[in-house]
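Some notes on the structure that comes next.
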Amino acid sequence: MSISSDEVNFLVYRYLQESGFSHSAFTFGIESHISQSNINGALAPPAALISIIQKGLQYVEAEVSINEDGTLFDGRPIESLSLIDAVMPDVVQTRQQAYRDKLAQQQTAAAAAAAAAAAATPNNQQPPAKNGENTANGEENGGHALANNHTDMMEVDGDVEIPSSKAVVLRGHESEVFICAWNPVSDLLASGSGDSTARIWNLSENSTSGSTQLVLRHCIREGGQDVPSNKDVTSLDWNSEGTLLATGSYDGFARIWTKDGNLASTLGQHKGPIFALKWNKKGNFILSAGVDKTTIIWDAHTGEAKQQFPFHSAPALDVDWQSNNTFASCSTDMCIHVCKLGQDRPIKTFQGHTNEVNAIKWDPTGNLLASCSDDMTLKIWSMKHDTCVHDLQAHNKEIYTIKWSPTGPGTNNPNANLMLASASFDSTVRLWDVDRGICIHTLTKHQEPVYSVAFSPDGRYLASGSFDKCVHIWNTQTGALVHSYRGTGGIFEVCWNAAGDKVGASASDGSVCVLDLRK
């Protein structure tokens with residue numbers, strides 16, 4: 001048996017990532033030098049740490065149930081071991097002695113019962129069936145115990161379940177798929193994974209059910225040749241014309257690809273993993289945020305860094321453009337900076353969160369900035385004020401992400417009300433009327449942390465994805481659940497295509513699913 005600290009650290013790091021502890025994973029990864037290890041993350045299956053712990057727990061339970069003579073204790077376990085019990089020698093020894101005592105009692109009771117049965121049971125009378133054996137009516141004695149079992153999954157009306165005929169599952173990734181995004185002008189779906197690849201899937205009508213995939217391998221130069229980086233693809237974004245795809249990776253490089261899968265540029269100035277990147281609307285600049293505490297504006301045509309902004313005191317987690325040359329960034333330092341190309345200091349700084357700021361989004365007009373944090377609050381900011389306009393407190397766990405609806409002034413749906421959606425580790429999604437500063441709907445069907453929300457292009461529906469493996473589609477006006485799909489892995493990201501008739505979702509088991517919502 002061989003166990004190295006690097007291997008243990010890698011499995012712990014992957015567990016933190018898979019469980020949604022992205023900031024803890026980052027800190028642990030830096031302190032344990034994960035990026036310097038030679039372990040190929042693409043070869044490790046999802047939930048590897050949990051799997052090996054479960055096997056170890058089963059071994060301890062088996063060890064407890066072995067008698068001194070090497071035979072197995074013949075009976076059901078008194079109770080299964082908890083993980084904490086299994087690592088405590090006193091508990092294991094006590095449990096072993098309990099098994100031995102139980103065995104002695106059973107042997108004594110069996111001998112007494114046999115003697116009594118021989119004296120009292122007529123020859124034509126059968127003894128009652130043991131628990132688990134079939135009785136005359138074909139049911140198991142003790143079947144009532146099964147009837148009392150219940151599932152932890154929330155009941156979903158069968159009328160809203162999306163049939164398998166309306167779901168296409170795309171397989172090819174060899175590790176978790178953290179992100180996905182539709183091309184804004186065609187039915188091409190991009191996905192990014194822990195297997196150090198991004199993929200472009202063709203879901204158009206003339207494609208063979210998504211079988212067409214382009215593999216974008218993220219490589220680095222070593223020894224004069226290109227080798228796989230073995231690092232997660234953490235972010236991706238299409239330009240507004242749908243001709244180019246930008247990706248950010250844990251290897252510290254941003255890359256620009258054509259929609260045909262060809263590498264156009266490699267952008268290398270960050271000194272560590274990239275957590276977020278965005279095209280501006282014009283398509284001439286790309287904005288990235290990194291663990292090195294900086295944000296960078298890149299010239300998309302030349303691949304050169306136009307300006308690096310070193311204003312955060314801790315890793316930058318998210319960025320969003322306000323205009324073609326002005327943007328906001330947030331960080332684990334609890335601050336939000338608004339910066340402009342050509343300015344050597346932030347033009348505005350918002351402070352008020354008391355924990356890491358996970359995500360920021362400008363509303364469609366660029367007037368209001370929403371932010372969400374591990375402090376469980378959602379805040380709305382305006383460039384006209386130094387303090388937040390609204391401090392929305394309703395979630396009881398960390399808020400992971402937020403999205404504005406594509407409605408109201410400045411959108412294609414100007415007559416519909418503007419809304420904001422928030423997704424939290426408390427397993428709920430909330431819809432907010434920002435003008436009034438109130439929550440108008442609380443969406444509660446999920447059973448695990450919710451990692452992603454996305455509005456349909458007309459704003460009438462909201463998709464949500466959770467680690468409970470479910471994608472739910474909600475009516476934004478009524479808060480009613482209208483569609484539901486259960487996948488095969490925890491959902492990290494959901495997104496709508498431009499036509500508003502398909503939803504893409506990326507999952508922890510390496511799958512990407514596409515839900516066809518056309519009737």
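Glycine is treated like the rest: Cβ placed from N, Cα and C.
According to Swiss-Prot, the protein has these features:
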COMPBIAS  115-139  compositional bias 'Low complexity'
DOMAIN    4-36  domain 'LisH'
DOMAIN    41-86  domain 'F-box-like'
REGION    115-147  region 'Disordered'
REPEAT    172-211  repeat 'WD 1'
REPEAT    228-267  repeat 'WD 2'
REPEAT    269-308  repeat 'WD 3'
REPEAT    311-349  repeat 'WD 4'
REPEAT    352-391  repeat 'WD 5'
REPEAT    394-442  repeat 'WD 6'
REPEAT    445-484  repeat 'WD 7'
REPEAT    486-519  repeat 'WD 8'
To what whole number does the mean pLDDT across the repeat 'WD 6' (394-442) round?
97
Taking a Cβ cut-off under 8 Å, which residues six or more beyond the ends of the repeat 'WD 4' (311-349) line up next to it in the same chain?
23, 26, 272, 275-278, 280-282, 284-285, 287-295, 297, 355-362, 366, 369, 371, 373, 381, 383
I'd like the per-state residue tally for the domain 'LisH' (4-36) from DSSP, helix first, then strand, then coil.
27 helix, 0 strand, 6 coil
Can you work out which residues elsewhere in the same chain, 6+ from the ends of the repeat 'WD 8' (486-519), have a Cβ less than 8 Å from its Cβ atoms?
18, 46-47, 161-162, 166-171, 173-187, 189, 191-193, 195, 199, 201, 203, 210, 448, 451-458, 461, 463-471, 473
Counting only residues 6+ away from its ends, which parts of the chain sit with a Cβ under 8 Å from the repeat 'WD 2' (228-267)?
17, 35, 39-42, 175, 178-179, 181-186, 188, 190-194, 196-198, 200, 214-220, 273-279, 281-283, 286, 288, 290, 296, 298, 300, 303, 305
Positions whose Cβ lies under 8 angstroms from the repeat 'WD 5' (352-391), at least six residues beyond its ends:
23, 317-323, 328-332, 334-336, 338, 397-404, 406-411, 418, 420, 422, 424, 432, 434, 437
Same-chain residue ranges lying at least 6 outside the domain 'LisH' (4-36) that approach it to Cβ under 8 Å:
44, 46-50, 52, 176, 194, 231-232, 250-251, 272-273, 291, 315, 317, 332, 356, 374, 400, 425, 449, 451, 467, 490, 508
Under the DSSP assignment, what numbers of helix, strand and coil residues are found in the repeat 'WD 3' (269-308)?
0 helix, 21 strand, 19 coil
